[in-house]
């Protein structure tokens, strides 16, 4: 038995000590982090790679253009310094002849410039002449074909073609006129410059021959410097273009970065839900009971008290019957009365143990009117109402007495004294009863008004 237990224990794998477990957990966490980083690197927006390549290319172009521009400027400066030094040495060597021959060389430069302008004006004039000749030939051919073909009609298309040809002829004539004027002006300037140059050449022939090496070297350096200046301008334009591409790539990367950050922020925040407390309020509204509210003890007691008073009034007086009938025509049960007020959740301590709700009180006593109309037993409206009811009762009693008298008069003379005594007794009983009813009515209304005040206080507190 012991040997079997030892064998089973030896077969079980030995548990690792706590430090070894912690090392393994750390290694697993590092592997997970590396996997997460690899996944993030895989999810990089492909546009970033393209924009980064453009950015690197623009950086290389900017560096290369800046180097080339610096070399060109350095070369321009070196050539300028070299020309200045050599021309100064040559001017000192030649001496005064350089200054004396300057007017001739200046006139020669102006004549050369006028010659170039005249040549350009001559080319423009020849081109305008050729265009005018071609337009005139087009019009002549169109007219000739129209005249040769007897069947051809002079339609709108033919008219439009002739109009275009005529317009080209007019434009060519205007261009020819302008180029002819320019050619005449440039030719006149060229002739004047050549005349002045020949005149100065005859006058300053010796100084011109002596200073000729100086001005030839100066012209050579001038052409070289012009070429270098053009190269510098081209490199500056290319550098500005490379900087523009670099700026555009930076803006694209910034836009992509903003989009990525916005997407991450929206993913972290999640979809927008309801506001704080919105779910609770919605749930409370949905869970509100749809059943009718329970009546309370005060409304039931007031209803019973009013029913008792009204039943007494109905049995004694017809006028009271009308008022009670108007009262009974309204809804008397909670199921018949509409809900004037929505159901509102309230604390359990304020619930009244009664089968009638406070919201139905206004429908149960329509005869009393609003609260402002009868606010107490001493109100003038209530006094007037009680007086009217008492007067109506007295009128009824007088009518009944008159009827009894008429009936007594129709009877024999023997029963007249008996009818009069019975009528007087009946009238006294009626008057006593009316006084009791008026007192009961006033007391009942005072109690009802007090109950109404209490109910309004409770209703206001609940709201």
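A Cβ is built for glycine as well, from the same backbone N, Cα and C atoms used for every other residue.
Between the listed residues 311, 378, 427, 442, Swiss-Prot assigns phosphoserine to 378, with no corresponding entry for the rest in that record.
Among the candidates 291, 409, 424, the residue that Swiss-Prot annotates as phosphoserine is 424.
Residues of the same chain lying 6 or more positions beyond the ends of the compositional bias 'Basic and acidic residues' (45-54) and with a Cβ under 8 Å from any Cβ of it are 245, 248-249, 252-253, 256, 260.
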